[in-house]
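What follows is one structure encoded as structure tokens, with my remarks underneath.
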């Protein structure tokens, strides 16, 4: 059987780092308040000339180089983002152009913070269906452009950045010891769309709008939804939490991460946490955390890695991948 194997990984962050203390002159908050409630200490904020496309392209180049490939080897560019450069064409097409790719196809996928999980799952289906051999999967965001910088409950939470992986078709044996994606489960429930959304859009207000969130409601649903979809992935493979080498969750809030790991009985030392230095980068969150753990030597070839994320909609999902 065909498996989608991770061939390369890369990331990119804006130059500007904004620490918690930098918010004290903008809104009523403090470093202690932010750290205690979120675990965030700093985040990167896009500056002049740094866009979703430029960050996504930089992460993509790094992933392709890490894979030992050329841009011309890529069949599909799949970008997960909620902050595209333009309403259309897709920012994935712009990244395709930046990379000099003139073959294959490219499109955007929008599932907010779950975007990268949705994108990996979609890429896996294209690979296993024979429509693509190598897929560049990117999560890139510039949420700083849709924040209400007078709302202290949201503006302190988010950062900008991009992460990317190259998935490649490889022959597997149908075993959980195979390298590549072993299971993926996606969910959504539109009944919760008012709990996390942006209050603008082309067909309604003709504006970009700002992010709005009912933080307590999101927290209340997050742990249960995340653990349920992970359990479905375990059930599909016969694997358990004890088999996991690394848990790479969406980096939204350390309290949600800790509660999810505890409910799943995953040891703290197996949890990859970068929310302290990146904040919530939405669709870029999981690949940025992955890239960090690969770069520092934690995630190695053959490791079983559990990915998960939850975002506005609500949307949520989980992926089990053998590195």
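Keep in mind that glycine also has a Cβ here, set from the backbone N, Cα and C atoms.
For the ranges 246-250, 251-255, 256-260, 261-265, the feature annotated in Swiss-Prot as region 'ACP-binding' maps to 251-255. In the shown protein chains, 32 other C-beta atoms lie within 10 A of the C-beta of residue 113 (active site). The separation of residue 113 (active site) from residue 250 (active site), Cα to Cα, is 7 Å. Between the C-alpha atoms of residue 280 (active site) and residue 113 (active site), the distance comes to 9 Å.
The candidate set comprises the active-site residues 250, 280. Of these, 250 has the most other Cβ atoms within 10 Å.
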